[in-house]
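Engineer: Per TrEMBL, domain 'G-protein coupled receptors family 1 profile' is recorded for 51-311. Taken from TrEMBL, the feature transmembrane segment applies to 36-59, 71-93, 113-133, 154-173, 201-227, 257-275, 295-314.
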Amino acid sequence: MLESFNFDYLTQLKGPAVNHSLVFLEHRNVIISHNVFIVVCLIYIPSIVLVNTLVFWGIVLYPGFHTTNNYLLLSLSIADFLMGAYCIPMYVLSYIKDTSPTILGNRMACLTLFASKQLAGSGSLLSLFLISVDRFIAITWPFRYPFLINEKKILRLIVIQWLLLTFLSFLPMMGLNNYNPAVCPLILRCNYFTTLPSLYVLIWMCFICAAISISAALHIRIIFIAIRQVSRFKSELGTLSRDQITQFHNRVSSVKLTSFLMLVFVILYLPYVLITPFKYLNLFSEVTIEIIQVVAQLFTFGNSLANGPIYAIARTEYKQVYMTMLTAYPWRWKIALRNLHREQHSSLYDSYPGTPKPSRAFSVKTFSGMSKSSSEAV
């Protein structure tokens, strides 16, 4: 949690030492940074909710997206949606002067603030970790992949993931906390590193570091394997069938997409992770540290907005699905997306004579130059 906040009721401070340690909160630049934080977050909230609503329902309703890799992307969209609909609003309330006493001064509200960040942030990280493992298996053992990974296993894993994260995130609300109503000011009363038990915080930090490190190592290995396979693919191009070529291109495209998602996650979360040691090294002033921390927090929130556009840029079919959903009423999404799938994969439907043709009323024009390739391949 951000351990500082701009509020005028610093009269609650007890003792000159404490009062002096928090006087930087009244600095003009700190006040400006907090106001900017609130404004940017208010822009983030509807944007993140909209983008991840499109991602979630696009994967659920579009027949071509019912694959193991896309189900993991669906789990990632749930985490990003929670960030926009649950976590960021809680942080905004903790920064607004009129509502911050309610958040910071109430035990359950304070613990809910911590739980929101842990649930959304850890959900995003663990989803990316599972995507890394999935892509590593797909690129390392392509022929054994269908036997090792299938849709039912992935869906069970996603359910277990969210049940476990929900339990661990809300565990402090069941009594595992050090919240003390007698501590003043409120900002010291509701502090992530003091309100929650040290062992609990340490376990979360170890989990985050381990997940990021393993995911990064897997992606480095995946990239090297993919480079070797591309070289071998070029030398054997004349002996491969069209289906094999399509599957290979889809596999490489998927590797690029997931690797880029992981890279963006690390870049946007790294400033927030690195700022913590600087607080104890006294390399910068308290005002500078606070401003950097506010900006770093905005970067972490921005990651939840970046994933959807990345899908659209990386895959033409994702872009088509999003455009279809944006130009149709939500209650028409299912029909519109089924018609889009028929248009993109007409040969598949032509092989079944009884399959109805797309309705003109919900027909979506394809964009010029768009690929006809399916995302159903590994």
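Note: Cβ is positioned from N, Cα and C throughout, glycine not excepted.
Give me the local environment of each listed feature.
Structural biologist: A Cβ distance under 8 Å defines the sequence-distant neighbours of the transmembrane segment (71-93), meaning residues of its chain 6+ beyond its ends; these are 2, 38, 41-42, 44-49, 51-53, 55-56, 59-60, 99-100, 102-103, 112-113, 116-117, 119-121, 123-124, 127-128, 130-131, 134, 151, 154-155, 158, 161-162, 261, 297, 301, 303-305, 307-308, 311.
Long-range contacts of the transmembrane segment (295-314) within the same chain, counting only residues at least 6 positions beyond its ends with a Cβ under 8 Å from a Cβ of the stretch, are 2, 33, 37, 40-41, 44, 47-48, 51-52, 54-55, 73, 76-77, 79-81, 83-84, 87-88, 91, 120-121, 124, 253, 256-257, 260-261, 264-265, 268-269, 271-272, 275, 322.
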Engineer: Near the transmembrane segment (257-275), which residues from the same chain, at least 6 beyond its ends, have a CB less than 8 A from one of its CBs?
Structural biologist: 69, 76, 124-125, 128, 131-132, 135, 208, 212, 215-216, 219, 222-223, 289, 292-293, 295-297, 299-300, 302-303, 306-307, 310-311, 314-315
Engineer: Give me the mean pLDDT over the domain 'G-protein coupled receptors family 1 profile' (51-311), rounded to a whole number.
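Structural biologist: PLDDT averaged over the stretch: 85.
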